[in-house]
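S.K.: Before anything else, here's the structure in question.
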Amino acid sequence: MNPYALSILLSSLAMGTITTLSSSHWFLAWVGLEINTLAIIPLMTKMHHPRATESATKYFLTQATASALILFSAITNAWATGEWTIITMNDNTSTFILTIALSIKLGIAPFHLWLPDIMQGLNLTTCLILTTWQKLAPMSLMIMTSHQLNTSLLITMAMLSTVVGGWGGLNQTQMRKMMAYSSIAHLGWMTLVLSFSPSLTALNLMIYLMLTSSMFLMMMTLTATNMNKLSTSWLKTPLLASLMMITLMALGGLPPTSGFLPKWLILQEMTKQHLETVSTLMAMSALLSLFFYLRLSYAISLTTAPNTSNSNMTWRVSHNQMQTLPTMITLTTMMLPITPTLLAMLN
């Protein structure tokens, strides 16, 4: 792609998200979401492949439906209350429609079916943008309106998302689809605690962004898009393969990695709210996701052929992604000791 066109598209992506994050009026927030959607579609189609075109079309139709619902929700609320500000969603019908619309935008179950299919047709860089940057604007709107959303609906969707995210990833061999189901499961955890502690949702989102970014950067460095390619990575770059295993354990939420932090705090908060059954079911559904992360770790480390490889070891990787990768991996693995500091910052 032409570098000038690419810089305009990336600037539009940034501008759309920042517009939504900084707005207090529904119409301005909707405009930001629209700019965001329109800016990523050319990035999706830059591969010139029928699968990429199909993904871009599906993405456009899904996001256009969600945007129409958001606008309809805002207009209904303005009609009922006379207010256009984001934090005054006092109409029950409007908040219900808004919850559905933002769930479609994010890919929360049962509105998740578009995400794995679309990600399978994109390159890894666009997948990285789709699973990280594109989640910021809709999630910020959910956090801003969290005190007015239906708690029972959010808990139901959260539990469904963690189960679907874990169950859907079990049978996959394609890395992009696995990361899509991983994203759905993580969004379930964020949605669960949204009504009770929006600051915990923000913390979970921050850690999810770091974990997913480091995972995609490693996949881009190894050019691995399926489990077969991943299984040869130990012979080429053993250090990066071992760090990928640790990142997968962080995604699964095992201590002492950073991924354990949000799950621990969310389960603690849910227990404080006397929702022990929900906490138990969420903890059990997290085991489904952990299983396919362990399966990937097994493919990376324990399926190496016993014979000597004929290829040279790639001990000096000349990728631009390697510049940010050490920082991302450090944050992925070592944030648990600074938990009190993070909580103090968010509160």
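Using the three backbone atoms N, Cα and C, a Cβ is placed for every residue, glycine included.
Pasting the feature list from TrEMBL:
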DOMAIN    23-288  domain 'NADH:quinone oxidoreductase/Mrp antiporter transmembrane'
TRANSMEM  56-75  transmembrane segment
TRANSMEM  95-115  transmembrane segment
TRANSMEM  149-168  transmembrane segment
TRANSMEM  180-200  transmembrane segment
TRANSMEM  206-227  transmembrane segment
TRANSMEM  239-261  transmembrane segment
TRANSMEM  281-304  transmembrane segment
DOMAIN    290-342  domain 'NADH dehydrogenase subunit 2 C-terminal'
TRANSMEM  325-346  transmembrane segment
S.K.: For the transmembrane segment (325-346), I need the partner stretch with the highest count of C-beta pairs below 8 angstroms, choosing only from 95-115, 180-200, 206-227, 239-261, 281-304.
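M.R.: That would be 239-261.
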S.K.: For the transmembrane segment (95-115), could you work out the same-chain residues 6 or more beyond its ends whose Cβ comes under 8 Å from its Cβ atoms?
M.R.: 33, 58-59, 62-63, 65-67, 69-70, 72-74, 76, 89, 135, 138-139, 141-142, 145, 148-150, 153-154, 157-158, 160-161, 163-165, 180, 183-184, 187-188, 191
S.K.: Decide whether the stretches the transmembrane segment (149-168) and the transmembrane segment (239-261) have at least 3 CB pairs under 8 angstroms, with pairs required to be 6 or more apart in sequence.
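M.R.: Result for the transmembrane segment (149-168) with the transmembrane segment (239-261) is no.
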S.K.: Grab the same-chain neighbours of the transmembrane segment (56-75) for me: Cβ-Cβ under 8 Å, and only residues 6 or more beyond its ends, written as numbers and ranges.
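M.R.: Same-chain residues near the transmembrane segment (56-75) but 6 or more away: 26-27, 29-30, 33-34, 37, 40-41, 44-45, 84, 89, 94-95, 97-98, 100-102, 104-105, 114, 117-118.
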